[in-house]
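Only one structure is covered here, and it is reproduced in the block below.
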Amino acid sequence: MSASSSGGSPRFPSCGKNGVTSLTQKKVLRTPCGAPSVTVTKSHKRGMKGDTVNVRRSVRVKTKVPWMPPGKSSARHVGCNWENPPHCLEITPPSSEKLVSVMRLSDLSTEDDDSGHCKMNRYDKKIDSLMNAVGCLKSEVKMQKGERQMAKRFLEERKEELEEVAQELAETEHENTVLRHNIERIKEEKDYTMLQKKHLQQEKECLMSKLVEAEMDGAAAAKQVMALKDTIGKLKSEKQMTCSDINTLTRQKELLLQKLSTFEETNRTLRDLLREQHCKEDSERLMEQQGTLLKRLAEADSEKARLLLLLQDKDKEVEELLQEIQCEKAQAKTASELSKSMETMRGHLQAQLRCKEAENSRLCMQIKNLERSGNQHKAEVEAIMEQLKELKQKGERDKESLKKAIRAQKERAEKSEEYAEQLHVQLADKDLYVAEALSTLESWRSRYNQVVKDKGDLELEIIVLNDRVTDLVNQQQTLEEKMREDRDSLVERLHRQTAEYSAFKLENERLKASFAPMEDKLNQAHIEVQQLKASVKNYEGMIDNYKSQVMKTRLEADEVAAQLERCDKENKILKDEMNKEIEAARRQFQSQLADLQQLPDILKITEAKLAECQDQLQGYERKNIDLTAIISDLRSRVRDWQKGSHELARAGARLPR
């Protein structure tokens, strides 16, 4: 059968537009015997952008050599070199008749892919666990924020309670001081009344003795006057005076004059004693008033110093509270910054992991497709080699018949030679395609190795993030411990102040209880004073003088009270200034709390960014769908090429034996 009877020239599959890769070929004549060698430059345009790896593989294929008639140079042992700058494919047919392929199935093994998939699964599990841990940490941070807010509210309530307790303590202290002053005044008055009573008793005894003497002198003078009257009356009735009568009269006159002189002396001494008593009482009262005023001034100074110390203590407490508030603000700022950095790192890692997962899945699909196409090409090459063996055997069987009819079959031999050359060229194209597939496979393997290396880098980043998360957890625990210690200290201070308040209350009640018998004693003293006043009505002039002095001392006491009121006003002004400073600190704290309340808006912004990342992920998934469509198109083209190869095999089978 001739080549024309077999349905014309056989169809060869093109490796250009319909193939997987586009090839630009340059043919250069470089052979040891002057035969042309083919130089092919390959540009891989399909697939992902990656690093190209130079691959040099030598595939030795036993091709069928066409029969040459005598007189022509034999084409045996002619080497065909495929040369390319990035990777060179050399095809040198050996002298042996058996076809030996250097390409093995181990080159296309999937063990590396399985190990890579296992590693990817492990990485995915680790990433999921890390994501869960980050979610747990986020929930813990939210819980801690809630606890901090509750603690802040608790602290504010405790501060209000402390302020109320401080006000009550100030009031009770004021009441206690007033009660103490009253009790001390009552004690002083009681002591003064007792001393005055003793002194008055002594003076009373002295005056009573002097009065008794004066009364006795007056009674004696009165008796003498009565006797003188009697004698004068007798003399008037008798109207005659004897010498004895004159002597008695003179004697009575002398006695009367003596009695009057003694009475005047006793009266003078009594007046002197009364004058001295008045002067002594005036000086003593002035000294006592001076002492009481000095005591009151000293008490006012001590009270002022105590109030200044209390104000300094309150200022120190306010400064400590402000420092604690600033520390809490700094801690809240650091916690918010750490949470923000964690969220940003989490989003960045999620985006990177998604991109790497998509790229890995895409690379795995492409590697699988390339392995399938390589296996198919290998099967096709083996089929073509078997066809060539069959053709060689047929040529050897027909050799004897061709020798007999060499002249008649010369044209047919030339046609078969041309057809063999075409098959040789087609086989070279197939080998070139296989080499391209192997190079792409190697490039994908290198890219897969790069992806594995990136996975390792990501693992290191994950370990660093785990360390950072543990550091953050430790910092959070330290912050919680500090908050607990501050809370415990505040509770202890509150308990101490409540204990002091209860002690002040007990002392106040005790003072009130001791105040009742003191009032009774005071009433008794007033009764005794009234009795003494009733017995000393003769000394009203002295009392008027004393009243004028008492008015003076009252005026001085009013001046001291005015000074005390001024001190109280100054204390109130200082307290108002402290309250204003505390309110300013509160306002500042509330403004900083308002700044902290802006954290949910920032979280919303980050959630919006996450939504944008999810939209980008959906776009990448759409691109993946488009790429799968392209891969299906390529598969359909490969099937068409397989159909063409089957038709080529059929055409080879129809060749004349």
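Any Cβ shown, glycine's included, is placed from N, Cα and C.
According to Swiss-Prot, the features are:
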MOD_RES   Ser73  phosphoserine
MOD_RES   Ser74  phosphoserine
MOD_RES   Thr92  phosphothreonine
MOD_RES   Ser95  phosphoserine
MOD_RES   Ser109  phosphoserine
MOD_RES   Thr110  phosphothreonine
MOD_RES   Ser115  phosphoserine
MOD_RES   Ser129  phosphoserine
CROSSLNK  Lys138  SUMO2 cross-link
MOD_RES   Ser139  phosphoserine
COILED    144-423  coiled coil
MOD_RES   Thr231  phosphothreonine
MOD_RES   Ser261  phosphoserine
COILED    461-635  coiled coil
MOD_RES   Ser632  phosphoserine
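A sphere of 10 angstroms centred on the C-beta of Lys138 (SUMO2 cross-link) encloses 15 other C-beta atoms. The 10 Å shell around the Cβ of Ser632 (phosphoserine) contains 10 further Cβ atoms across the protein chains shown. Ranking the modified residues Thr231, Ser261, Ser632 by Cα distance from Ser139 (phosphoserine) puts Ser632 first.
Mapped onto three states, the DSSP output places Ser139 (phosphoserine) in helix. The Cβ of Ser129 (phosphoserine) has 11 neighbouring Cβ atoms from other residues within 10 Å, across all protein chains displayed. Neighbour count (other Cβ atoms within 10 Å of the Cβ, all protein chains): 10 for Ser139 (phosphoserine).
For the coiled coil (144-423), the predicted model reports an average pLDDT of 75. With every protein chain in view, the residue among the modified residues Thr231, Ser261 whose Cβ has the most Cβ partners within 10 Å turns out to be Thr231.
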